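J.: What TrEMBL records for GLU200 is active site, proton donor. Marked as Zn(2+) binding site by TrEMBL: HIS12, HIS14, HIS197, ASP278. What TrEMBL lists as substrate binding site is HIS14, ASP16, GLY170. Residues or ranges marked as domain 'Adenosine deaminase' in TrEMBL: 7-327. Taken from TrEMBL, the feature site 'Important for catalytic activity' covers HIS221.
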Amino acid sequence: MNYLSLPKIDLHCHLDGSVRPQTIIDLAAEQSVTIPSQDINEISSLMIAPETCNNLEEYLLRFDLPLSVMQTEAGIERISFEVFEDAAKENVKYFEVRFGPQLHQQQGLSFDQIIGSVVKGMQRAEAMYDIKGNYILSILRTFPKDNIRDVIDAGAAYLNKGVVAFDLAGAELPGFCSEFIPYVDYAIEKGYRITIHAGEQGVGQNVFDAVSLLHAERVGHGIHITGHQGAYDLVKQENIGLETCPSSNIQTKAVNKLSEHPAKAFYKDKLPITINTDNRTVSNTTMTDEVRKVMEEFDLSREDYFNIYRISIEQAFASDEVKQHLLTFAE
Ligand SMILES: O=c1[nH]cnc2c1ncn2[C@@H]1O[C@H](CO)[C@@H](O)[C@H]1O
Ligand SMILES: [Zn+2]
């Protein structure tokens, strides 16, 4: 099977976890930011999370270096363009990228400047390549909550013009959902779609809460519904998209090895699973690699692949017009 040429959809990818190592070096020089090395191999190894990470928290330490050069409009625009360019070159036809606007204010950019820059970079790539995209705004669960409404307000100006959804990311504690109810309600009122990282590191109850309390239409990872019948049944009944990210799940120890990943059992039981990268650089992967790993490990056929491709279209926060376009690539 030629995995590179398959049409692909990635619904779960973090911008700051997907920066090209060379771009870190270039932007650090341009912006006079001090970085630990000028050597591309050393920068790469500092960005890639090792297989020996103990948990999600250790994995999340890999984001500080890329974020150090993502504090100017030009830097953010370039990185956004490049992630879409990289994806387009491996036949990703539709790409939802997420990032945390709160992480890009170290040099005083406004949320409008930050969100405007990612959208501009994406649109530059859309004009050059056969790829369509949208942005998801991720709020960091561990950050102070006082500016969440400001992020939602700033993003609202770009809704359906490059921004489509709201997400909660970062370390996952049991029971995190309840304290975010008013913010998610506000985002829904403004017109955002909702996806929530849940059941990755944390318990299956978090997935149940994300759907029942936060109205999540999709969940990031959702692995731990395996241990929670209520969450499993709710995901199935409500057709909640599971954004599966196989390589990342192994690095964060959400699963021990790919053969133990529940995604295959979910697929067989007709849960709506999708295949995604999570972080192209931190997880040292591409959509081509993730698709190859899943198809080989789970022994999926080409027909299975296109079933999953269609599930991704159904679950995408894209316009009907874009969905029609994506269907033209389906077999
Ligand atoms: O797999 C993940 N689970 C939870 N949070 C994550 C994951 N990958 C990245 N981030 C967090 O999302 C922020 C915005 O993109 C990143 O800075 C990182 O802290
Ligand atoms: Zn993620």
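Numbers run from 1 along the shown chain.
Glycine residues also receive a Cβ, built from the backbone N, Cα and C atoms like all the rest.
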J.: Return the residue, from the listed recorded positions ASP16, GLU200, ASP278, with the maximum count of other C-beta atoms within 10 angstroms of its C-beta.
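T.: Highest number of other Cβ atoms within 10 Å: ASP278.
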J.: Assuming the binding residues for substrate are exactly those in the record, HIS14, ASP16, GLY170, what is the maximum CA-CA distance in angstrom, rounded?
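T.: The two farthest binding residues have Cα atoms 13 Å apart.
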J.: So which other residues, same chain and not among HIS12, HIS14, HIS197, ASP278, have a Cβ within 8 Å of the centroid of the Cβ atoms at the Zn(2+) site?
T.: CYS13, GLY17, ARG98, ALA169, GLY220, HIS221, GLU243, CYS245, SER248, ASN276, ASN279
J.: With an 8 Å cut-off on Cβ distance to the HIS14, ASP16, GLY170 Cβ center, who else from the chain surrounds the substrate site?
T.: LEU15, GLY17, LEU60, PHE63, ARG98, PHE99, GLY100, LEU103, SER138, LEU140, ALA169, ASN279
J.: Between C-alpha atoms, which of these recorded positions comes nearest to the residue listed as 'active site, proton donor': HIS14, ASP16, GLY170, HIS221?
T.: HIS221
J.: Counting only residues 6+ apart in the same chain, whose Cβ is under 8 Å from the Cβ of HIS12 (Zn(2+) binding site)?
T.: GLU96, ARG98, THR195, GLY220, GLU243, CYS245, THR274, ASN276, THR277, ASP278
J.: Show me the subset of HIS14, ASP16, GLY170 whose Cα is within 10 Å of HIS221 (site 'Important for catalytic activity'); these are the binding-site residues I mean.
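T.: Of everything listed, nothing lies within 10 Å of HIS221 (site 'Important for catalytic activity') (Cα to Cα).
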J.: Restricting to the domain 'Adenosine deaminase' (7-327), what is the model's mean pLDDT?
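T.: Mean per-residue confidence for the domain 'Adenosine deaminase' (7-327): 98 out of 100.
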J.: Give the distance between the Cα atoms of HIS197 (Zn(2+) binding site) and GLY170 (substrate binding site), rounded to the nearest whole Å.
T.: 8
J.: Determine, to the nearest whole angstrom, how far the Cα atom of GLY170 (substrate binding site) is from the Cα atom of HIS14 (Zn(2+) binding site).
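T.: It is 11 Å, counting Cα to Cα.
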J.: Near ligand 2, which of the recorded positions ASP16, GLY170, GLU200, ASP278 are found, taking a Cβ distance under 6 A to any of its atoms?
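T.: Close enough to ligand 2 are ASP278.
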